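Enquirer: Okay, handing you the structure first.
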Amino acid sequence: MSQEIVGVAVTFLLTLLLAYPLGRYIAKVFKGDRTWLDFMAPLEKFIFRICGIDATKKMTWKEFLKAMLTINLVWFVYAFFMFLFQAHLPLNPDGNPNMTPDLSFNTAISFMVNCNLQDYSGETGVTYLTQLFVITFLQFVSAATGIACLIGVFNAMKEKTTTNLGNFWAILVKTTTRLLLPISIIIAVLLAFNGAPTSYAGKDTITTLQGDTVQVSRGPAAGMIAIKHLGTNGGGWFGQNSAHPLENPNYFTNMLEMVAQVLIPLAMIFALGFYIRKMKFAWVIFGVMTVGMLALVIPTMITEIHGNPLIAKMGVSQFNGATEGKEVRFGAAASGYWSIVTTIISTGSVNSMHDSSMALSGLMQLLGMLVNAFYGGCGVGILNYYIYIIITVFIAGLMVGRTPEFLGHKVEAREVKIAALVTLLSAFLIKGGTALACYYFVHHPNADWATKPSAWLNNPGYHGFSEMLYQYTSSNANNGSAFAGLNYNNPFWNITTGFAMILGRFLPIIGPVAIAGILAGKKYVPESAGTLRVDSLTFGVTTLAVIIIITALSYFPPLALGPIAEYLSMH
Amino acid sequence: MKKYILPALKLTLVLVVLCAGIYPLFIAAVGRLAPGQGGGEKVVVNGKVVGYANIGQKFTDDKYFWSRPSAAGYNAANSAGSNKGPSNPDYLKDVQAHIDTFLAHNPGVDKKDIPAELVTYSGSGLDPNLSPAAAQIQVARVAAARHISPDKLKALVDRYTEGPLLGLFGPSKVNVLRLNVALDGMAGGKTAGQ
């Protein structure tokens, strides 16, 4: 077991070691300083020319958001129709069918918003064409969208007073060419040489050693597996995601995929420090987020290493921890660690089945998604954290009786209202959605639907409730992991979680960009002895307290009904 | 919006070509150099493909080392986990049934020595591995079914045990397919499948 724990610790340290220089590099790229990837410049110029984009044009926060929303709308329409007609399009060697309209709606939104909730199974539900030309494509550009919006906020924070957030198109393209593509290529090649498939050949049929005939699904998966982690997307090529032995063949690839998904979220914290020249502020953010991460990871790893108490009662040996839903090559420790990094960061890829995690681990996974800002997804993690900062500045201001200020700008009613709305939205979507599902499950169990509500759940009791709660939490957080026993491929779940995903994506992006834009347009107030210092330990601790209080107040009741009740019933 | 829609459409087209066209083709080209030429690494015995090295297979015969229980029935065209919660009473009965079956086929084994992985479902339903302990505990059964000395089989399992990555990170494991291929080779008086 000690080698398993060392493996996890080294994985995290390695991520940190890579993220710091990467953060400096990201800051350089978007400041326009020289970097070693400048040979990409002609390609970028070529792209801007043929697309009719003036990359030097400044954008206000409203223009910036309009550009972002317009291109996302284009992606949604494109993805929806591709899934709807995929059976008749090329690159479908396995002869997979079209998606139903409700599944197509859900899946198009899911990949556009960087959520990657999958109500289909990769082997049977999509074709190589849609895996590559819709899903892989969206995994790049949805990650780039989140990063671009954060860079816009960085631009607003950098200047004393400005209306310029930068050019959305230019940032989007540079994120793809300077950051996502080069690193994805390195990861994909490493995956390929460790056994992840890359060829376009369809299913193979073999006769096993014992004489059974078995079909083996394959496909050009390595490239997608790379960006699904690097871009904190998470959708699997195969149904069982990174538990599948072709998607995550050994302990090395498991470490690689864990590093890949945490890399950019960590790097963006340091990029913030380098970009606005407030390294101490970045370290405070890193500190708060890391404390939050450890508070979730440690109990989860301990619980999974101890195993299931009810299986212990049966008298078998759990020397290698909980094993249900886990793969031998990863073990309980690395599976526990993965289940938390994938939920605090909005990846949502899995290397073990979260539905079979211990009750306490399920609670920690849910908390990771409910906070959604301990590192968080590509770009959006810090945007979510930004909202917590604004709320903290407001509360701290009230406590000391001064007008709240953030980086030299007065935070006034309008900004606080936006921040409060974004915070309340999550609680509304998650609890509202779960309540609606419970209502149909209890009062209309035999409704004449494609799937009767009584057939939704794979587990009875508290755990069944957790399955529904998890689904809306994951959708709202744009996470994409699931308690996958839930029977979700039907109109009720496809449509309701579709709306939860789209609202849970764009309002928490529009909010911080708008606040940052409004603040940057205000008169600069020079720092004085009375200024609230956001780069202090006190402010960091206060922010953490605000996060804990908001989360506890918003979500204690549903958590008590689900994982907490299950935990108590088992012990 | 009009000002934005044209660049949005054109940029989408360009990025599709770059990220979905060129990028995977490039990876596929590099992947040709990887083991299995990018189509998955195969295990070949006497010129015949018997499986993929990384994809677990169903072994139910007493004369083979068994793989873990699989919610997918080892169907590699539709991976699946059980997705059963830890407190689900039906699931716990299922585990008990696996324990009973294992004990019936492995007389002399003490229940407290059965590694839980042998009675619980893997995540993918295609787990190609066992822990060394889960392979060793089957030695007596396989040895009896094949009339081979248990010591020889123990040594075989040891030989097929892969240690942690670089000797430092992660669990030790045994690839069940490779182990069983070697087992067949032993019976025929020659080693195969390496």
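Each position is counted from 1, following the chain as shown.
Heads up, the Cβ atoms here are built off N, Cα and C, so glycines get one too.
Keep in mind that TrEMBL annotations are predicted by a computer and have not been checked by a curator.
Not my notes, these are from TrEMBL:
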TRANSMEM  A:6-27  transmembrane segment
TRANSMEM  A:67-89  transmembrane segment
TRANSMEM  A:132-156  transmembrane segment
TRANSMEM  A:168-193  transmembrane segment
TRANSMEM  A:258-276  transmembrane segment
TRANSMEM  A:283-302  transmembrane segment
TRANSMEM  A:373-398  transmembrane segment
TRANSMEM  A:418-442  transmembrane segment
TRANSMEM  A:498-520  transmembrane segment
TRANSMEM  A:532-556  transmembrane segment
Enquirer: Do any residues, 6 or more residues outside the transmembrane segment (A:373-398), come within under 8 Å Cβ-to-Cβ of it, and if so which ones?
Expert: 114, 143, 145-151, 153, 231-232, 262, 264-266, 268-269, 272, 285, 289-290, 292-293, 296, 341, 344-347, 404-406, 411, 415-416, 419-420, 422-423, 478, 508-509, 511-513, 515-516, 532, 534, 539, 542-543, 546-547, 550
Enquirer: Please work out whether the transmembrane segment (A:258-276) lies in contact with the transmembrane segment (A:418-442), by counting C-beta pairs under 8 angstroms that are 6 or more apart in sequence and asking whether there are at least 3.
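Expert: As far as Cβ distances go (cut-off 8 Å, pairs 6 or more apart), the transmembrane segment (A:258-276) and the transmembrane segment (A:418-442) do not touch.
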Enquirer: With Cβ-Cβ distances below 8 Å as the criterion, list the same-chain residues six or more beyond the ends of the transmembrane segment (A:132-156) that contact it, or say none.
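Expert: For the transmembrane segment (A:132-156), the far contacts come to 30, 61, 64, 68, 71-72, 75, 78-79, 82-83, 91, 108, 111-114, 116, 126, 162, 164-166, 168, 171-172, 175-176, 179-181, 184, 220, 223-224, 227-228, 230-233, 235, 264, 268, 271-272, 275-276, 377-380, 382-383, 386, 509, 512-513, 516-517, 519-520.
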